[in-house]
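According to TrEMBL, the protein has these features:
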type	residues	note
ACT_SITE	GLU93	active site, proton acceptor
ACT_SITE	CYS337	active site, S-methylcysteine intermediate
BINDING	CYS113, CYS117, CYS120	[4Fe-4S] cluster binding site
BINDING	GLY163, GLU164, SER195, SER218, LEU219, HIS220, ASN294	S-adenosyl-L-methionine binding site
DOMAIN	99-332	domain 'Radical SAM core'
Amino acid sequence: MQDIFALPIEELQDLFVAAGLKKFRAKQVFQWLYQKSVFDFTAMHNLSKADIAVLQEKFTVLPHSLEILREQNSSDGMTSKLLLGLPDGNSVETVLMHHDYGYSVCVSSQVGCDMHCAFCASGLKGAVRNLTAAEIVAQVYLFNERLREQGAMVSRVVVMGSGEPMLNFDSVLQALDFLHREDTCNMSYRNMTISTCGIIPGIKRLEEQGNPINLAISLHAVKNELRTALMPVNKGYPFVDVLTAAESYSKASGRQITYEYILLKGKNDSPQDAELLSNYLRYKQASVNLIPANPVPEQGFERPSKAAVERFLRILQKNRINATVRKEMGKDIDAACGQLRAKFAKEQEQK
Ligand code: SF4
């Protein structure tokens, strides 16, 4: 059985013809999949029974074969998180957020992650494998299927779930290009964001591909030793060089860079840290997204007080750095990266 999800229309046409179906059926199925978010062949009403039988015999559609292992909905109804079981037995998390402007999805790019950031549950056990482009697109379409009745679709994508997207660059780009197509989500590149811990060759490749995709950098510390302790990637790609690469991308793409900064109590939340961060970002096309830490019990990190967060924010603003504190979404549902998957794995081990 071949999975046809997220294949270009031309490839679908070839497959259908080889299976003895008429070429125009490919266009019809393509529309059902990506404009109506219908993944069950039997629900595609304009297909003949005979053709449905052929399709069922020869092809699968990934979102239809994903298993929802866990689902958590925040008490305010604004955030839904799914733990998806992939056909090979692995699992990944994906999160839907409802904003004033519409729906955004935070997708994973790898099963687990090899970057071992100290505050992150996804990096606890390392990377298992890269996701395929189809597996990335499927995370968006699973939610499109749920939004279908409201006549809505996901309008923004952030590649910020588990995994380091720059280490799976080709599949991530392929997935974003697919979502950009007029006959799928028709999503603007400006509504897509790739978040990296600072893989410089990936930032350069993003610059080379030329589409105005947003870039977010997980910075989290501007003292070299501390950043290396929090994010081992800093050894290979020191953050000052990352800032230079990001600045070059900003100039080439015209996009403002977002710097993510997790505030960890007593580690990187002092007024001195805020001043130092301001010095690095002054006069840059940049904004800072402050994230009060979601504690990862295994790592012993604490969330700073509200007063400490406000103090940090005020210092950045005084220094004319565009900064906000991330709106807390889904705190009551383990929305931070990798937490649900880690919890699920632990429960399975205890069984
Ligand atoms: S924060 Fe991102 S890059 Fe770091 S371990 Fe977690 S998933 Fe990987």
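Placement of Cβ uses the backbone N, Cα and C atoms for every residue, glycine included.
Overlay of TrEMBL annotations on the structure.
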{"residue": "GLU93", "record": "active site, proton acceptor", "Cβ neighbours (10 Å)": "29"}
{"residue": "CYS113", "record": "[4Fe-4S] cluster binding site", "Cβ neighbours (10 Å)": "26"}
{"residue": "CYS117", "record": "[4Fe-4S] cluster binding site", "Cβ neighbours (10 Å)": "24"}
{"residue": "CYS120", "record": "[4Fe-4S] cluster binding site", "Cβ neighbours (10 Å)": "25"}
{"residue": "GLY163", "record": "S-adenosyl-L-methionine binding site", "Cβ neighbours (10 Å)": "30"}
{"residue": "GLU164", "record": "S-adenosyl-L-methionine binding site", "Cβ neighbours (10 Å)": "27"}
{"residue": "SER195", "record": "S-adenosyl-L-methionine binding site", "Cβ neighbours (10 Å)": "21"}
{"residue": "SER218", "record": "S-adenosyl-L-methionine binding site", "Cβ neighbours (10 Å)": "25"}
{"residue": "LEU219", "record": "S-adenosyl-L-methionine binding site", "Cβ neighbours (10 Å)": "29"}
{"residue": "HIS220", "record": "S-adenosyl-L-methionine binding site", "Cβ neighbours (10 Å)": "26"}
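Mapped onto three states, the DSSP output places CYS113 ([4Fe-4S] cluster binding site) in coil. Put simply, CYS117 is the one of the recorded positions GLU93, CYS113, CYS117, CYS120 whose Cα lies nearest to the Cα of LEU219 (S-adenosyl-L-methionine binding site).
Closest by Cα distance to GLY163 (S-adenosyl-L-methionine binding site), from the recorded positions GLU93, CYS113, CYS117, CYS120, is CYS113. Here the domain 'Radical SAM core' (99-332) has a mean pLDDT of 93 out of 100. Ranked by Cα separation from CYS120 ([4Fe-4S] cluster binding site), the recorded positions GLU93, GLU164, SER195, SER218, ASN294 are led by ASN294. On the backbone, the CA of SER218 (S-adenosyl-L-methionine binding site) and the CA of CYS117 ([4Fe-4S] cluster binding site) stand 10 Å apart.
Secondary structure at CYS120 ([4Fe-4S] cluster binding site), as computed by DSSP, is coil. Checking the recorded positions GLU93, CYS117, CYS120, GLU164, ASN294 against ligand 1 with a 6 Å cutoff on the Cβ atom leaves CYS117, CYS120, GLU164, in sequence order.
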